[in-house]
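J.: Straight from TrEMBL, here's the annotation block:
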DOMAIN    205-330  domain 'O-antigen ligase-related'
TRANSMEM  20-46  transmembrane segment
TRANSMEM  58-81  transmembrane segment
TRANSMEM  87-107  transmembrane segment
TRANSMEM  114-139  transmembrane segment
TRANSMEM  159-177  transmembrane segment
TRANSMEM  207-223  transmembrane segment
TRANSMEM  228-250  transmembrane segment
TRANSMEM  315-338  transmembrane segment
TRANSMEM  350-369  transmembrane segment
Amino acid sequence: MTGLAAEQGLRRPLAVAFGFGLIALFVMAGALGIAAGVAIAGLLALPSVDELKKLLPLELPFAIFLIFIAWAWASTAWSPYPSSDQAWKMALGAPLYSLFAYAVWSLRGPGRLLALYAAFIGLLLIFLIYLIEAVTGLFSSFFSEGLVRGQMLRDATRGVSALVCATPALWAFCTMIMPGRNGILAATFFGLLAAFLSWKFGLSSGVIAVVVATILFGIGWFYPRTTILLVGISAVAAFVLAPIFMPILLENARNVALPVTWEVRLDIWQNTIQHISEKPLFGWGLDASRTFQDKYQLAGQASDYRPMHPHNVGLHVWLETGLIGVLLFASAILALAIRVSSSWCLTRNQGATIAASAGAILVFSLLTYGAWQEWLWGCVAWVAAMCFLVGPEPEKAADQ
């Protein structure tokens, strides 16, 4: 018996299973608590000191990402936002989220099977809760009309976003638990259901993400390494070149009839690009986007709306950390894509799942969410952990 098997015991499998259950509850409640759930599970499943030492030196992608966080933290020195607590959240969160994913990867035998079923059941329950709300409006009916109910429904779109990012993992689980035709039919059903929920909750980016994930899963099944690498390169290009290609997109989008929310988003992107041009090298500093007083219109009327972020990760990183931050962030993504795509134990199912999940996350990163939202970071760790479950056990991988 190896050190990994001997050290595992019961604590880590139970902590991971509990973590998947806790994360599922947070996703049902609107996803804001995902980061806390992942961090708690990471602490509960914390490996021994001797095993932690084996993680040094750090993998190159993670090391570069930590340098990026350090640069973002340093940018608070010139940020106009007076008291940002985002830097320490990132610095503390990144290792904890990674520890949860590592704990899942290190599981073997019955412990790994327990984690897989915990993740699978958690996803089924999330789908069930959001389906009930979409069809009946049961849960939102407990809230009075107005701001409180509106906030609840906005939280629901965040939860559906997290669910869409995790849907490729559910596809893989279905084919593992129900091999053959039944697994394929179940995966197809959940893909259609994810698209339906996105549409029902008014999350157009979710529908796009499901379509992109479906295409990437299919291509990734036949060409897993190439697909993962291409998704990584696409993400790097989208983030680094955002200030260049976004104006072209904006110019063409103005000629199309769009919902009010998307018209406002176009204005946000336009204003963000203008601010980037003013301080392109170092950026405005962490959380600076919270201080801008740009004017927006809703349905042709002046509004007091103030976005907390640019709703585009690439523009957000550019805006607040400048060219230096973007290059560090992009380098971490590229290094990760190369590392994962070159893994010699990568299976077709795992490769397709990683490519599809990364594609869905990329869609939301380009169209909907900001760079510093800790729930999104936690969501990425949650999805990564499930991608580990789809692959071979550590010891079996080493024997291949």
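The chain as shown is numbered from 1 upward.
Backbone N, Cα and C define each Cβ position, glycine as well.
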J.: In the domain 'O-antigen ligase-related' (205-330), how many residues does DSSP put in helix, strand and coil?
T.: 88 helix, 6 strand, 32 coil
J.: Looking only at residues six or more beyond either end of the transmembrane segment (350-369), which have a C-beta under 8 A from one in the stretch?
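T.: Same-chain contacts beyond the ends: 161, 164-169, 171-172, 205-206, 208-210, 212-221, 224-225, 227-228, 231-232, 234-235, 238, 265, 309, 311-314, 340, 376, 379-380, 383, 386-387, 390-391.
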J.: Do any residues, 6 or more residues outside the transmembrane segment (58-81), come within under 8 Å Cβ-to-Cβ of it, and if so which ones?
T.: 87-88, 90-91, 94, 98, 282-288, 290-291, 320-322, 324-325, 328-329, 331-333, 335-336, 339
J.: Given a Cβ distance threshold of under 8 angstroms, which distant residues of the chain, six or more beyond its ends, lie next to the transmembrane segment (159-177)?
T.: 27-31, 34, 116, 119-120, 123, 126-127, 130, 183-184, 186-187, 190-191, 194, 197-198, 201, 203, 205-206, 209-210, 213, 217, 349-350, 352-353, 356-357, 360-361, 364, 368-369, 375, 379-380, 382-383, 386-387, 389-390
J.: Hey, which bits of the same chain come close to the transmembrane segment (87-107), Cβ under 8 Å, at least six residues off its ends?
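T.: Those are 4, 8, 12-13, 15-16, 19, 35, 38-39, 41-43, 45-47, 55, 62, 65-66, 69-70, 72-73, 76, 115, 286, 372, 374, 377-378, 380-382, 384-386, 388-389, 393-394, in sequence order.
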J.: Mean pLDDT across the domain 'O-antigen ligase-related' (205-330), rounded to an integer, is what?
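T.: Result for the domain 'O-antigen ligase-related' (205-330): average pLDDT 90.
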